[in-house]
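Enquirer: Pasting a structure here, questions to come.
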Amino acid sequence: MSTVLYRCPELLIGGEWRPGRHEQRLVVRNPATGEPLDELRLASADDLQLALQTTQQAFEHWRQVPAHERCARLERGVARLRENTERIAHLLTLEQGKTLAEARMECAMAADLIKWYAEEARRVYGRVIPARLPNSRMEVFKFPVGPVAAFSPWNFPLVLSARKLGGAIAAGCSIVLKAAEETPASVAAMVDCLNQELPPGVVQLLYGVPAEVSQALIASPVVRKVTFTGSVPVGRHLAELSARHLKRITLELGGHAPVIVCGDADIARTVNLMVQHKFRNAGQACLAPTRFFVDRRIYGDFVDAFGAATQALRVGAGMAAETQMGPVASARRQAAVQDLIARSVAAGARPVASAVPEAGYFVAPTLLADVPLDAPVMSEEPFGPVACAVPFDSLDQAIAQANHNPYGLAGYLFTDSAKAILAVSERLEVGSLAVNGMGVSVPEAPFGGVKDSGYGSESGTEGMEAFLDTKFMHYVA
């Protein structure tokens, strides 16, 4: 049991924590038990307008702060975040359900992301272009795009908020973050660490009715940049809103990651890595390996090993030290995943699963073997502890089947064949590819998708560029 007292946070507006004034409130629940933790007060229309007003004022000051000072302030915020890791991790496990070990890891990853962006603030360079005229100079400048409206989800609330906070603040922008109402306390604790080192209004945190918040922020002339991580349908809607108001937007949307396992792969190592990666956070990850295309020559051995490892996972409350996989985040997610499994089994898939606790929002970690290509699980993102496996007879067939899907976020390949690596790296339609490993998301490299998985990148220099505008100057003496 956690000794951390859980309380839903207030809103952070203008450097001050204040209660939301919306008439509607939301109950935050512990996914491991289904019991209520606290009641969250939401932002009213007046709260949203106040946040917009103060973010504009803060931007006018923050954009002029030297990059070295922005870096130093963010690094002090990161130090506070690391000092508070244990408390924040407990809050995250209570409200989201993931294991405490995973929550600690997420807090560390969020700190690494913000630290990288802080350092990158000192490396925002322009360039000098050789002049066409005598006594003249042509230069290119980079400058902050302006106030940012950011929307982050509940599955990795710290990391996916940190990607937005770190880049925007380091670039010299102010930011209004609408974080997920399901996981408010952990994000608020992280934001508070940054806020204590920043001028009032540079970072603001809201919780509210999603449609009301997105409409108010994106339609406002104050906001100059939008960034969103979440589902494809919501991403489409926000893209339409942003287009209507000519706002730049970065979208990191769903994923249904293919894994191509060639005949020369080390089965034991592949299964060990992929079971860890697949069932992390109960499979609620857009980059989770989900569709396994396995060389027919090793398919039987692979399915047996993966199924055995899946059944051996210890499922339970995230606070228990022995737990390897916690619950899914909500009753709605539990019902959706169970429905997808049932429809896919009805279509011919063979399930391999284990028992789970009856209380709380638990779904058994499940391998669906011998899955027909037209089964629902092959096209619908599970966003839960479900993996599916099908055999292939040629690499061309595997690549074609992997690409036969609207998503294109992450992909995985296991082989020692240089020819296979070259073919898959060129032809697999994904934004990130890991070969013989799991590393598709690190602070210093761009992360983003293709097709229905969105556009634009977070992290890496590309992620920093998303918060910058470009100006050309031609000066004649």
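Glycine too: its Cβ is placed from the backbone N, Cα and C atoms.
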Enquirer: Using only what Swiss-Prot says about NAD(+) binding by TRP154, ASN155, LYS178, ALA179, ALA180, GLU181, GLY230, SER231, LEU253, identify which of GLU35, GLU380, GLU381 is listed for that site too.
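Expert: It is GLU381, as the record lists it for that site.
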Enquirer: Could you tell me the maximum Cα-Cα distance in Å between the residues recorded as binding NAD(+), namely TRP154, ASN155, LYS178, ALA179, ALA180, GLU181, GLY230, SER231, LEU253, GLU381, rounded to a whole number?
Expert: 24
Enquirer: Please report the Cα separation of LEU253 (NAD(+) binding site) and CYS286 (active site, nucleophile) in Å, rounded to an integer.
Expert: 8
Enquirer: Based on DSSP, name the secondary structure state of TRP154 (NAD(+) binding site): helix, strand or coil.
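Expert: SS state of TRP154 (NAD(+) binding site) = coil.
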Enquirer: Looking only at ALA180, LEU253, CYS286, the recorded positions on record, which one has the least crowded Cβ, with the fewest other Cβ atoms within 10 Å?
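Expert: Looking at the recorded positions ALA180, LEU253, CYS286, the Cβ with the fewest others within 10 Å is that of ALA180.
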Enquirer: So how many other Cβ atoms are close to LYS178 (NAD(+) binding site), meaning within 10 Å of its Cβ?
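Expert: LYS178 (NAD(+) binding site): 24 neighbouring Cβ atoms within 10 Å.
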Enquirer: Can you name the binding-site residues among TRP154, LYS178, ALA180 whose CA is within 10 A of the CA of CYS286 (active site, nucleophile)?
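Expert: Close binding-site residues: none.
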Enquirer: Fill in the CA-CA distance, GLY230 (NAD(+) binding site) to GLU252 (active site, proton acceptor), as an integer in Å.
Expert: 7
Enquirer: Can you tell me how far the Cα of LYS178 (NAD(+) binding site) sits from the Cα of GLU252 (active site, proton acceptor), in Å?
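Expert: Each residue's Cα considered, LYS178 (NAD(+) binding site) and GLU252 (active site, proton acceptor) end up 15 Å apart.
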